[in-house]
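Feature annotations, reproduced from TrEMBL:
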TRANSMEM  12-33  transmembrane segment
TRANSMEM  53-73  transmembrane segment
DISULFID  Cys120-Cys153  disulfide bond
DISULFID  Cys121-Cys137  disulfide bond
Amino acid sequence: MTQETSASCKMKSLTLILPSQVASGLMVAIGIYARLSKEAGAVDSLLADPSLILLTVGILMFAITFVGCTGALRDLPVLLKMVRRGQWDAAFLMGKAISSYRDDLDLQNLIDYIQKKFECCGVHSYKDWSQNIYFECQDSNPSLERCAVPFSCCQGVFNTMCGYGTQNLSPWRAESLIYTEGCLEKIVGWGQRNLLLVAGLATGLFVLEVIETVTASRLCLNQKSASDEVNPLKTDPVTPVQTLNSNDLKLISAKST
């Protein structure tokens, strides 16, 4: 009975962790794409460049979920606690990406696409958009978009003003106008509904990494062997130095005369 309970707990932990691995992989891929799409020579700091934030969060989440898988399989509660702490840190960094929504056009288009595709809004809920200076609900905010959400959160017909004032609405009233569920929960839910696909992708990525590692190692060995054949190490024999005595010198002198 104890073994069955332990196995059940492990399966539940993996069910929650594997979708997060897929989400982190997507974030890494998107972050790399966004970074490479920027103008050549543009140098931004980590806090100023949303693509670097997204890439960092993705790598962090992938490392966290990998540790979580290890902890779930080996039944190590310390590792699972590290996963929970890491998820909190990842959520904080994702909030940083939301706060930079209007600072980077690539990030803005990406967030709009995700929110429309997954029918979600914000990280955990639509009120996460209060972290952005343009959408925050402070009375001191002079923006016309105060207490609004991006148009990509809207249901039905999209227009630039459809999300105005929706953060002031209660969830049951706002859900008739905008998507109220957070994108993180939506993506994790998608992963849970597609566990076979998630497992297939994870296995495929693992096999690909192994093949790339083996191929790179063999290529390095082949290059080294070819270099040794083209430039073999040669050692010329050292000619011994012969010394001439006085008799030899007399003979040489006599012959020359």
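Any Cβ shown, glycine's included, is placed from N, Cα and C.
Since the structure is predicted, the reported quantities are computational estimates derived from the model, not experimental observations.
Mapped onto this structure are the features recorded in TrEMBL.
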residue : record         : DSSP (3 states)
Cys120  : disulfide bond : coil
Cys137  : disulfide bond : coil
Cys153  : disulfide bond : helix
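In this structure, the disulfide-bonded residues under consideration are Cys120, Cys121, Cys137, Cys153, and the one with the smallest number of other Cβ atoms within 10 Å of its Cβ is Cys137. Separation of the C-alpha atoms of Cys121 (disulfide bond) and Cys153 (disulfide bond): 5 Å, rounded to the nearest whole number.
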